[in-house]
Amino acid sequence: MTIEPRATADLVDDIGPDVRSCDLQLRQFGRRPEFAGRVTTVRCFQDNALLKSVLSEPGDGGVLVIDGDGSLHTALVGDVIAALGRDNGWSGLIINGAVRDASTLRTLDIGIKALGTNPRKSTKTGAGERDVPVDFGGVTFTPGDVAYSDDDGIVVVTP
């Protein structure tokens, strides 16, 4: 199911004071600055095996929200994992953590927002949780919500 991106500023105006807008100032990395889709979540800390497994599945235009607990010590997503998500139909990634291969990420047709970069690899033990509510930036991202992302920020809506 494809969900068309909408301007987050317009969503804020439409929703009003109860809007769920992420307060973290995430940076744009992927080639697609505007993206939207149903939320799937992963919570992991400096380990990207679980999120790679999720991105190996059909994304159906969804958005994978990855809560890496704000760690910038290792990158959770690099060019290989981002390309996997793109190839499997994910519209975007929202990462409370770091990425690497930033120059290559800018060429991939997928939305990617993250805190920053670090060239260091993550571990790959599979530690983490999937499809659980995750909280960062003053927002709870719940599986099945819809996330809208653009240059102004991220808005989350419960359908």
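Quick reminder: no glycine exception, Cβ is built from N, Cα and C everywhere.
As recorded in Swiss-Prot:
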type: BINDING; residues: Gly78, Asp79, Val80, Ile81, Arg100; note: substrate binding site
type: BINDING; residues: Asp101; note: divalent metal cation binding site
Non-site residues, in chain order, whose CB comes within 8 A of the mean position of the CB atoms of Gly78, Asp79, Val80, Ile81, Arg100 at substrate: Ala75, Val77, Ala82, Ala83, Val99, Asp101, Thr104, Leu105
Least Cβ-crowded entry, counting other Cβ within 10 Å, from the binding-site residues listed as Val80, Ile81: Val80
Three-state secondary structure, which DSSP defines for Gly78 (substrate binding site): coil
Maximum Cα-Cα separation in Å among residues Gly78, Asp79, Val80, Ile81, Arg100, which the record lists as binding substrate: 10
Neighbourhood of Gly78 (substrate binding site), C-beta criterion under 8 angstroms, separation at least six: Val99, Arg100, Asp101, Leu105, Lys121
Binding-site residues: Asp79, Asp101 - member with fewest neighbouring CB atoms within 10 Å: Asp79
For Asp101 (divalent metal cation binding site): DSSP state (helix, strand, coil): coil
